[in-house]
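Database features (TrEMBL):
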- 12-33: transmembrane segment (TRANSMEM)
- 14-338: domain 'Acyltransferase 3' (DOMAIN)
- 39-56: transmembrane segment (TRANSMEM)
- 82-100: transmembrane segment (TRANSMEM)
- 144-164: transmembrane segment (TRANSMEM)
- 176-196: transmembrane segment (TRANSMEM)
- 208-226: transmembrane segment (TRANSMEM)
- 238-258: transmembrane segment (TRANSMEM)
- 264-285: transmembrane segment (TRANSMEM)
- 384-403: transmembrane segment (TRANSMEM)
- 420-459: region 'Disordered' (REGION)
- 434-446: compositional bias 'Basic and acidic residues' (COMPBIAS)
- 447-457: compositional bias 'Polar residues' (COMPBIAS)
Amino acid sequence: MNNNKRLENRRYITGFDGIRTIAVVGVILYHLFPNIMRGGYLGVPIFFAVSGYLITDLLRQEWLQNETVDVKGFYIRRMKRLYPGLVAMLVTASAYIVFFQKDLLNNLRSVVASSVFYYNNWWQIFRGFSYFDRFTTQSPFTHIWSLAVEAQNYLIWPLLFILLKRYVKHSGKIFGLIMGAAVGSGILMAALYTPGADPTRVYYGTDTRLFSILMGSALAFVWPSFRLKEEIPIKAKALLNGVGIVSLVILAIAFLFLADHLAFVYYGGMFLVSIFATLLVAVTAHPGADINRWLTNPVFTWIGKRSYGIYLYQFPVMIFYEAKIKNLSDHVFLHSLIELALIFGISEVSYRFIEKPLGKFYYQYTWFAIKDFFHKPWITVPKVTVLISAVLSCCALFAFAIAPSNQVTAEQQQLQKNIQENKKKADQRKKAEKAKNEGKTTDSTKESSSVAETNFDLTEEERKKAQTIEITAFGDSVILDAAAGLQEIFPKMIVDGEVGRQLYTSTPLIEKLAKDKLLKETVLVGLGTNGSFTDMQFDEFMTAIGPKRKVFWINVRVPTRRWQNEVNAMLETMKKKYKNLVVIDWYDYSNEHEDWFYEDRVHPNVQGQVKYSSFIAKQIMK
């Protein structure tokens, strides 16, 4: 029989609900308004720091009373805290998918398994999924990666804690060891990060993200909540409050300005944010400081207590809701308010009827609960809850049974093949042009085109004129999709395209094209499909192109993404600023023609490629 007892009369630190509120609101606003709350993703390391501190602080209290840790009890408590909400979300989302969004059935079993067993972050890494590709990688379960990181820490931390307490013993030395490990994790993030490349590996990796949790854990060894006194000198109180205020201000600045693509984030920026998050945790935990009181109010308490459910349901709500809206960017704020209401409403239901009851349930008495269940009146909240859960579970099981693995639709196959072939040919032509500029010779490659000898509705005069124009096309997957048609019209065109390309990574690429003498006097740009951009990013890009070149910029048609109108409005503003910039209004020309596009409503299909190429050619030759 286990006689270990958990410490009684533990102080509940209400300000931690305020910190959780800041973190979860930052994350949600980052997804809803990525160009306003650019650094909202940094709410995750704040969660990590709070979690690391609380878990270790509880383990220290348990050790103080029992001189050991009930590891089995620790695991059971964590499972009771995490699993009810997670499983409910997975079941509910899967049931919705099988009836209303079957395109998300693909790989559902693998997604759910990786979520339930908490290896989702590594599963996404090894499958090549990107957290930052906001167009092609949209899954209602993308965000589970962070829960996996936390759960992996929960698995090993109580065992490491016992080893540290038995063999190192001194809290100061343990603090140093843990902080050393945190520094090692931060260094590994910097070492594995490649500037300009997708940072998903270092963003998802347990090894490169553990430093935030470790900082919170280290803090608990030198700043245990049960040894902090409420009565402290006035100067100490002022110092604590000052540290707390500075930490809050720096975190707010990071939320607003520290965009996820900045190299600084991975070269120490996120590490610094974690330090300030840990300092905020320290000050909030101290009963002698005022920060705890400042972060305690009914709104913060309500959101903070439900922050786990809010985090769980944010992505499913956004993905499911936005898929049903014809043109999301027409009323961005209205749709965002509706999404927030849905997230908070569903989270309240989850908290009230699933997380709280099952978190307090004694599972060893399950059989007695079942017998008691059948003796109660039929119309009761528990029975209705169980009935709804049973129906949803059956639907989810059906979804798991029929879910395909690695399935690609015929349209997706056609689009992927077209983009890959066009990119290969474009790269070959670019390579040959570069070699010619350097006075070298290359093997000529005979090219065929899927739209060869197509009627582009061009006059003979326009065709002849197009034959003579030297032009560089630079863009994302949309321009690659139509590259064959564009190069048939403009045989001297150089195409430089990349799937998922965004403006913030493009300036160095333009500079390299110019250096290699591949940036012609006429430049066609197709960027904005995958996200918006700032004035500064736009100015840097145009400066790299130079004022003497004529720039034709194709605006975007991305009805399923909230940044469509923002990008197009930005282009209209910028064409007044730059005399050498012409905006090609592909959005207005194509918006009423759904039959021109693949099922994603963004990439032109075979018919749309002809319309796209023809329209752009006519605009260039006006």
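Cβ coordinates come from backbone N, Cα and C, glycine included.
Where the annotation comes from TrEMBL, it is an automatic prediction and has not been curated.
Just going by CB pairs under 8 A, the stretch in 82-100, 144-164, 238-258 that sits most against the transmembrane segment (264-285) is 238-258. Remote same-chain residues near the transmembrane segment (238-258) are listed as 22, 26, 36-40, 42-43, 46, 232, 264-265, 269, 273, 276-277, 279-280, 282-284, 286, 288-291 (criterion: CB distance under 8 Å, separation of at least six residues from the stretch ends). The transmembrane segment (144-164) is in contact with the transmembrane segment (208-226), judged by 3+ CB-CB distances under 8 Å for residue pairs 6 or more apart in sequence. For the transmembrane segment (208-226), the partner stretch with the most Cβ pairs below 8 Å, chosen from 39-56, 82-100, 176-196, is 39-56. If you average pLDDT over the domain 'Acyltransferase 3' (14-338) in this model, you get 95.
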